[in-house]
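So that you can see what the record holds, here are the features copied from Swiss-Prot:
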BINDING   TYR156, GLY322, ARG417  substrate binding site
BINDING   ASP262  pyridoxal 5'-phosphate binding site
MOD_RES   LYS291  N6-(pyridoxal phosphate)lysine
Amino acid sequence: MNSQITNAKTREWQALSRDHHLPPFTDYKQLNEKGARIITKAEGVYIWDSEGNKILDAMAGLWCVNVGYGREELVQAATRQMRELPFYNLFFQTAHPPVVELAKAIADVAPEGMNHVFFTGSGSEANDTVLRMVRHYWATKGQPQKKVVIGRWNGYHGSTVAGVSLGGMKALHEQGDFPIPGIVHIAQPYWYGEGGDMSPDEFGVWAAEQLEKKILEVGEENVAAFIAEPIQGAGGVIVPPDTYWPKIREILAKYDILFIADEVICGFGRTGEWFGSQYYGNAPDLMPIAKGLTSGYIPMGGVVVRDEIVEVLNQGGEFYHGFTYSGHPVAAAVALENIRILREEKIIEKVKAETAPYLQKRWQELADHPLVGEARGVGMVAALELVKNKKTRERFTDKGVGMLCREHCFRNGLIMRAVGDTMIISPPLVIDPSQIDELITLARKCLDQTAAAVLA
């Protein structure tokens, strides 16, 4: 893959980016020195940059493009809706056909008893919404003191003020004095990195027990909810030990608090079930959703809400919350078509029965690499821990090993994401076995090149 810029348009676009664009999660000085990578088109599981390089996108954009790139049906759904009703708001007791039909379509695949949806423009907005909603719920029940939400360290729930607070990423907290009051955190179920001498099962129970300790510390009478991703995504694809979620369910059953399962990444097939909560057998009260809802073709998010919660909200008067683009008709039309594709083409069933088992089998083959301390994954998400010493799990003192590996990936025509020194993937659900083979071959090549630089 050519890493030299040969296209004059690339330089022009890079200059425009440098002079006018402030992209998210970016060191601007570093980017301006290097120049942005310009992505120009996509098809299936591949993207192309402005230099003509073909790249296997093993991150599905940003955990989003479940049905793959280039689905003309989604383009046509947006086109039809733009002609008929390009926009109308949902304020002032109005609705439109796409949004009510979409709410029903989501209810049809959601966990049992979750039949209502509040729509937003993103996953971050969805997590803002759950904070507002759970506090309004408890106030309506006559318990307004139940305001505290318990999250997990290294969890990710978006980057709005509420989202970054609910999440537990300390680097994000340091920019802006977060979390906001009323949000506290407990340990994450990260056995490889934090389990010490405990077995995975022992650590899973220990990590879950931290929830009960925090409830008792804060006082059950003050706790509104516990929020967690079924599998932590941006934190490094943290797959909890088998004992973790059963123990969490046991604790939640003892206390009068709500459970928020953040399904922004796991939702719409990523685990081989429609939702990660179904994969783990959990029964949340609220589920933030986004990303795979539209396969990233257009921004949209939402919160799926349990019927018992809605019954209380119905008694609470006006819910003073919403967004201009809540339930945007074009986004709703695209989401409806996206769900139709997932259902009619049985994409999630194929993930569960065929492609996910094959991906995880091939992924585990990378565990023998001298740079890999652990290979883990579920469904269509997976991670590799890059370590200096496999036996002792000793980390590299230079924190840039993951980013070095990521750069090798780009040069070799593969997108993997680096979370510190953990390499993660989340490919489109439509990836086929031959493309999985290509992914693994490229990943091993990139690991070899990284190891040559850091293990010499």
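The backbone N, Cα and C atoms fix where each Cβ goes, glycine too.
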When the Cα-Cα distance from ASP262 (pyridoxal 5'-phosphate binding site) is computed for each of the recorded positions LYS291, GLY322, ARG417, which gives the smallest value?
LYS291
Select the closest residue to LYS291 (N6-(pyridoxal phosphate)lysine) from the following binding-site residues, measuring between CA atoms: TYR156, GLY322, ARG417.
TYR156
On the three-state reduction of DSSP, what should I expect for ARG417 (substrate binding site)?
strand
In three-state DSSP terms, LYS291 (N6-(pyridoxal phosphate)lysine) is classed as helix
TYR156, ASP262, LYS291, GLY322, ARG417: which of these recorded positions has the highest Cβ count within 10 Å of its own Cβ?
ASP262
So how far apart do the substrate binders TYR156, GLY322, ARG417 get, largest Cα to Cα in Å?
33
